[in-house]
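One structure is given below, encoded as structure tokens.
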Amino acid sequence: MRYNKRIAANPYIVGTFACIGGGLFGLDISSMSGVLSNPSYLNTFHNPGSNAQGAIVAAMPAGSLLGALLVTKLGDALGRRRTIIAASIIWVIGAALQCASVDRGMLVVGRIIAGISVGISSAIVPVYQSEITPPSIRGRLVSFQQWSITWGIMLQYFVQFGCSYINGTASFRIPWGLQMIPAIILGIGMLWFPESPRWLVDHGREQEALQILADLHGGGNKKDELVVLEYEEIKQQVDFERSEGAKSYADLFKPGVLRRVILGCSLQMWSQLSGMNVMMYYIIYVFQGAGLTGRRGNLIADSVQYVLNVLFTVPAIWYIDRWGRRWMMILGSFFMGVFLSLVGGLQGGYGEWGSVDNTSVWLIVNQPVVTKAIIVCSYLFVCSFAITMGPVSWTYPAEIFPMRVRSKAVSFSTATNWLFNFALAWAVPPALSSIAWKTYFIFAAFNFAASIHFIFCFPETAQRTLEEIEEVFAQGHVFSAWKIKRDVGMKNLHEVLAERGDKHSLQVKESA
């Protein structure tokens, strides 16, 4: 296998470049949120109502659900790298169809195809990152997946904002067409990146795996202690899993694995039920209901939210391995519940039914202070997600599963994300037009429930290799996760070799 050794030697390059795949998801979010009030878009697609617009938006997560499930086969059969390249090709096809679409049907088909790409990349990229990065900064590098999503949202939104000054269909076709460029860069660039060493060991290509580990973590030195430690742990885990028999979907329901499947799927579910993507997709509707009038003013207020989303993800990326995963999930979901409760309370207390563009909308009228308060609470909600749940929701599922089922289990977790994304993307516009402010209290309740679930059931996984995390779950404490200490499972090279009974290797290492 050919790859660039200079690229492999830099953990930040090799660990973050594939995140462009996550950026595609961000591009898609803004490709819709930025056109919801665009007259040319509305005229071209015959002024879709709340249900029709919900269906158009939901087409992408529907495709993503399918894409995430495909990874259960693709990730193990093709390898991590080639699966990412395949996802970039599929995205280009979907983006081209959206750009050329002349009716709702063609637009929906394009969004479904692009969604398949997003589903594949969102499931396989965190797996690839977690398998090639050193444990000391694994959380940080996998968190770049979320940061790339926020960058995709922001950049596409500003492109949409700039093109909104163009008259005609070019105002939305140009941004949709430009989405192809990052995917082309991703597909071509991955040709110079190494394959996952864990996938190579699992497929009997051990010498290639050892060389890649040496280039990744040891400056090309196969005898580097970290390289030997990780290689031995990978071999030990793969040998154990092979002794258990052939891989199958039934493995996901075995004792010890089922618990982790539930945790991974639950975390992705709570991530969607937090209401964050609702705020991303339909922020124009949210601020419109808050009393923010004028298309330009609404677009500017929306852009502030997207900038905050990018900025507040940075501290989480930098400190996720120091802070740990547990408390970020617990505190993030709690504060998101608080801010959504404030938005719902202000909307319910000061709003009334009104009409915007001949559509019945719950509005705040002539209450500038209340309008500003709702906007601020919306911003604080986004900041709470960005600095906590956003990065963790991708990091945690990618690191808790054994190698034997990792690709399948992560794809199931990611599929859960897209299943709820699909349901909410379709359901929220009708909800806002019917139960209005009560919608925010529903999402607030979900966040408070998530916080309780995190306290009792989610153990800490930071600062451990993927193989050491096995020890964490071996401790038990299914409903008392706080009892598992942060140093559980951490080992040095001598302990790993001793466990293998590899006395000769141990003696050689000691004499060296």
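Yeah, the Cβs are placed from backbone N, Cα and C, and that goes for glycine too.
A Cβ distance under 8 Å defines the sequence-distant neighbours of the transmembrane segment (12-32), meaning residues of its chain 6+ beyond its ends; these are 56-57, 60, 64, 84, 87-88, 91, 98, 111, 114-115, 117-118, 121-122, 124-125, 128-129, 132-133, 137, 141-142, 144-157, 160, 175-176, 179, 182-183, 185-186, 189-190, 193-194, 216, 277, 280-281, 306, 394. Taken from TrEMBL, the feature transmembrane segment covers 12-32 (among others).
The domain 'Major facilitator superfamily (MFS) profile' feature in TrEMBL is assigned to 14-462. Across all of the domain 'Major facilitator superfamily (MFS) profile' (14-462), the predicted model scores a mean pLDDT of 89.
According to TrEMBL, the feature transmembrane segment maps to 52-71 (among others). Proximity of distant same-chain residues to the transmembrane segment (52-71), defined by a Cβ-Cβ separation under 8 Å and at least 6 residues beyond the stretch ends, is recorded for 25, 28, 32, 36, 45, 83, 87, 90, 94, 104, 107-108, 111-124, 281, 407, 410-412, 414-415, 417-419, 421-423, 425-430.
Counting only same-chain residues 6+ beyond the ends of the transmembrane segment (83-102), those with a CB under 8 A from a CB of the stretch are 18, 21, 24, 31, 44, 63, 67, 71, 74-75, 109-118, 120-121, 124-125, 128, 173, 176-177, 179-180, 183-184, 186-187, 190-191. The transmembrane segment annotation in TrEMBL covers 83-102 (among others).
Residues annotated as transmembrane segment in TrEMBL: 108-128 (among others).
Sequence annotations record features per position, and here TrEMBL assigns transmembrane segment to 174-193 (among others).
Packing against the transmembrane segment (261-284) from elsewhere in the chain are residues 29-30, 32-33, 36-37, 57, 153, 252-253, 298-299, 302, 305, 309, 329, 333, 336, 340, 378, 381-382, 385, 389-390, 392-393, 396-397, 400-401, 409-410, 412-414, 416-417, 420-421, 424-425, 428-429, 432, 440, 443, 446-447, 450, 453-454, 457-458: each is 6 or more residues past its ends and has a CB under 8 Å from a CB in it. According to TrEMBL, the transmembrane segment annotation covers 261-284 (among others).
The transmembrane segment annotation in TrEMBL covers 304-320 (among others). Residues 30, 139-140, 143-144, 146-147, 150-151, 153-154, 157, 279-280, 283, 328, 378-379, 382-383, 385-388, 390-392, 395, 462 of the same chain sit 6 or more residues outside the transmembrane segment (304-320) yet have a Cβ under 8 Å from a Cβ within it.
Residues or ranges marked as transmembrane segment by TrEMBL: 327-349 (among others).
As annotated by TrEMBL, transmembrane segment applies to 369-388 (among others).
Residues annotated as transmembrane segment in TrEMBL: 409-428 (among others).
Marked as transmembrane segment by TrEMBL: 440-458 (among others). Away from its own ends, the transmembrane segment (440-458) comes close to residues 263, 266-267, 270, 273-275, 278, 325-326, 329-331, 333-334, 336-338, 340-341, 343-344, 347, 396, 478-482 of its chain (Cβ-Cβ under 8 Å, at least six residues beyond either end).
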